[in-house]
Amino acid sequence: MVHMLWVKVLPVTPESFSKIQLRLAGSKRKHNEGRVEVYYNGEWGTVCDDDFSIYAATVVCRELGYVEAVSWSPSAKFGQGEGRIWLDNVHCTGREVTLAECSSNGFGVSDCKHSEDVGVVCSTRRIPGFSIINIQVLKMGNVRIRAILSWQRKRIPVTEGFVEVREGGRWRQICNEAWTPTNSRVICGMFGFPGEKKRKNKYWGHSVNCTGNEAHVSNCRLGPPPTKKGNSTCALGMPVVVSCVPGRVFAPTPVTGFRKAYRQEQPLVRLKGGAVVGEGRVEVLKNGEWGTVCDDNWDLRSATVVCRELGFGSAKEALTGGRMGQGMGPVHMNEVECSGFEKSITECYFNRDSLGCSHEEDAGVRCNVPAMGFQERVRLSGGRNPYEGRVEVLAERNGSLVWGTVCSDSWGTLEATVVCRQLGLGFANHAFQETWYWPGDVSADTVVMSGVRCSGTEMSLSHCLHHGKYIHCPKGGGRFSAGVSCSDTAPDLVLNPQMVEQTTYLEDRPMFMLQCAHEENCLSSSAQGASASDYRRLLRFSSQIHNNGHADFRPKASHHSWIWHECHRHYHSMEVFTHYDLFSLNGSKVAEGHKASFCLEDSECDEGIEKRYACANFGPQGITVGCWDTYRHDIDCQWIDITDVKPGDYIFQVAINPNYEVAESDYSNNIMKCRCRYDGYRIWTYNCHIGGSLSFETDDTFPGLRTNQLSYR
């Protein structure tokens with residue numbers, strides 16, 4: 001028989017709700033408004049308005065049993081309080097259970113005066129079934145007993161909560177194993193109640209025995225009830241309460257609430273190619289190089305080790321067969337076997353012989369991810385389906401939370417990527433700077449967010465760089481509000497570094513053979529005014545660009561808007577498809593080039609995949625999943641003009657889709673770097689690698705763009 005067990009994790013812990021008590025006081029007209037006062041350490045005090053926000057007001061109101069906050073007021077609007085100012089510089093995310101969980105200077109640490117006491121106005125709607133918490137403290141000699149009393153919605157008092165004693169300056173809970181009804185009778189009497197309530201909890205008739213390496217509680221063994229006395233199950237116990245610790249990705253920081261994108265310490269495992277947070281192809285770092293894991297013997301237990309290592313929960317699914325896209329580079333691990341208690345997958349047993357494993361067998365995971373509520377602060381409005389629309393965000397304005405639009409200045413694919421991820425809608429498909437065809441919510445027309453600049457890795461749009469309280473949007477909102485369309489799949493372009501390394505050479509070419517290239521700005525500035533008989537020295541190479549994603553790579557511009565170039569007699573579907581740069585070892589750019597995509601097509605494909613795109617006869621352009629486009633070394637602009645470059649050691653860099661015109665599932669692998677040595681006559685190119693394939697330390701030895709700083713905007 002298979003037993004299914006559901007576990008409800010209680011968000012409120014004794015430590016959180018027993019630390020403080022709140023009330024609304026002062027010169028007020030209604031019960032749902034007033035000066036915020038905190039009961040702490042046996043004394044009522046106030047809260048300073050410094051850094052207070054609508055999110056903090058929301059926490060206060062919900063802690064007092066109201067559905068939400070309507071607004072908050074600084075400067076003692078409800079009158080000045082007395083006594084201590086308990087909290088100052090309070091920062092809340094809005095998801096905390098109690099104000100005590102928000103970051104602050106600490107209890108009693110403040111430089112404020114009571115003229116800065118903060119107040120709130122809460123919604124008149126109450127949380128269904130909410131109980132008002134009241135903390136009662138009584139002294140018994142040197143020991144104080146504190147019980148948590150609650151009043152239900154109709155002001156019916158209940159004795160109910162944790163009994164704690166304060167000894168040696170610390171609160172401690174009492175173990176319930178030896179607790180008897182007569183003890184409860186005494187406590188109830190102390191608080192004015194004649195007797196204790198007979199507990200009639202209906203417990204499940206089994207005990208649960210987990211080893212700790214299960215991915216789901218339904219995989220744990222079931223046993224008899226722990227204690228049975230007459231008809232009472234769990235006679236000496238209490239309902240299970242679980243308190244969980246967030247992973248590093250979701251752990252709040254003291255100031256921002258959540259981590260912004262920044263360069264973290266070098267991890268040993270990562271996920272690539274996933275459409276949402278917590279899923280992707282598993283890659284591990286070995287000897288300074290990233291590689292994949294073969295799916296032989298890949299199971300939920302090993303997948304769970306990966307998920308926990310990355311700061312997520314257990315694994316929902318262990319994926320096989322390259323379902324999260326095929327990686328590149330080596331296959332580092334094969335036949336992985338984990339006990340489930342390892343802190344890293346690198347500690348698990350595995351077969352170091354990966355012979356016979358190809359990237360078609362790359363392993364992946366889907367992890368359980370905590371519900372952070374990010375999707376509740378952004379929405380798409382006016383679209384034809386849930387995957388598109390005008391972007392509307394929830395923001396604080398004049399002390400209230402309101403929905404509004406986002407300024408489309410600087411709005412691009414990276415910002416759209418963050419919105420789609422935040423909503424759980426996969427990858428960005430397009431970013432729109434005009435949304436007149438999506439009317440949206442009329443009440444949300446006001447621009448409440450501007451100057452948004454994202455790296456593309458953030459979990460929420462609010463984590464991106466943006467203007468603060470002062471909105472700057474010259475175009476205004478309305479038709480120029482930002483919009484997005486999202487998709488479950490996306491392409492992923494990757495350059496073959498070996499092809500570049502093997503085909504690099506120098507050519508001296510006369511100007512009379514470079515007129516078309518000169519018109520398309522493929523030569524350095526010193527070519528201006530050069531005579532037809534002058535020569536340019538060109539660093540030539542071939543490039544092979546693979547689509548390793550789950551969707552075809554198509555130009556952003558539609559067929560009818562492609563640009564005709566008379567000299568070369570062809571259309572450009574993307575004005576800039578690649579950038580070619582040469583850097584000195586200190587990171588200074590010494591030469592550059594670019595390549596417009598006059599012909600995006602399927603040159604070759606993996607076995608079993610048919611070509612779909614060809615440039616002949618003004619045909620459709622693109623790169624099919626599993627195919628690649630080859631730009632041969634002997635075509636125009638497939639070079640860098642190094643005529644003015646002095647002999648020395650340099651870094652050669654190629655960046656694909658540098659302006660993010662087309663959305664992809666991964667931009668970190670769009671850069672390729674090589675070392676090269678030029679003696680004035682010959683050039684040697686070596687150590688070519690794609691971005692994100694090496695460790696931070698190794699990549700630091702290659703100046704130029706970071707693999708996460710591709711944007712030329």
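Using N, Cα and C of the backbone, Cβ positions are placed for all residues, glycine too.
According to DSSP, the secondary structure content of the domain 'SRCR' (22-123) in residues is 16 helix, 35 strand, 51 coil. Under the heading domain 'SRCR', TrEMBL lists 22-123 (among others).
The number of other CB atoms found within 10 A of the CB of CYS112 (disulfide bond), across every protein chain shown, is 18. Among the features that TrEMBL reports, disulfide bond is placed at CYS48-CYS112 (among others).
Taken from TrEMBL, the feature disulfide bond applies to CYS61-CYS122 (among others).
Under the heading disulfide bond, TrEMBL lists CYS92-CYS102 (among others). Cβ neighbour count for CYS92 (disulfide bond): 23 (other Cβ atoms within 10 Å of its Cβ, all protein chains included).
The feature domain 'SRCR' is assigned by TrEMBL to 145-245 (among others).
The feature disulfide bond is assigned by TrEMBL to CYS210-CYS220 (among others).
Feature annotation from TrEMBL assigns domain 'SRCR' to 269-368 (among others).
Long-range Cβ neighbours of CYS348 (disulfide bond) (same chain, at least 6 residues apart, Cβ-Cβ under 8 Å): SER302, VAL305, VAL336, GLU337, CYS338, SER339, GLU342. If you look up TrEMBL, you'll see CYS338-CYS348 (among others) marked as disulfide bond.
Per TrEMBL, the feature domain 'SRCR' maps to 378-487 (among others).
As annotated by TrEMBL, disulfide bond applies to CYS454-CYS464 (among others). For CYS464 (disulfide bond), the number of other Cβ atoms no farther than 10 Å from its own Cβ, over all displayed protein chains, is 21.
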List the Cα distance (Å, whole number) between CYS210 (disulfide bond) and CYS454 (disulfide bond).
42
The one of CYS61, CYS122, CYS210, CYS338, CYS454 whose CB sees the fewest other CB atoms within 10 Å, among these disulfide-bonded residues
CYS210
Of the residues in the domain 'SRCR' (269-368), how many are helix, strand and coil by DSSP?
16 helix, 38 strand, 46 coil
What whole-number Å value do you get for the CA-CA distance of CYS112 (disulfide bond) and CYS92 (disulfide bond)?
19
Taking DSSP H, G, I as helix and E, B as strand, the domain 'SRCR' (378-487) contains 19 helix, 40 strand, 51 coil
Give me the count of other Cβ atoms within 10 A of the Cβ belonging to CYS48 (disulfide bond).
25
Within a 10 Å radius around the Cβ, which one of these disulfide-bonded residues has the most neighbouring Cβ atoms: CYS102, CYS220?
CYS102
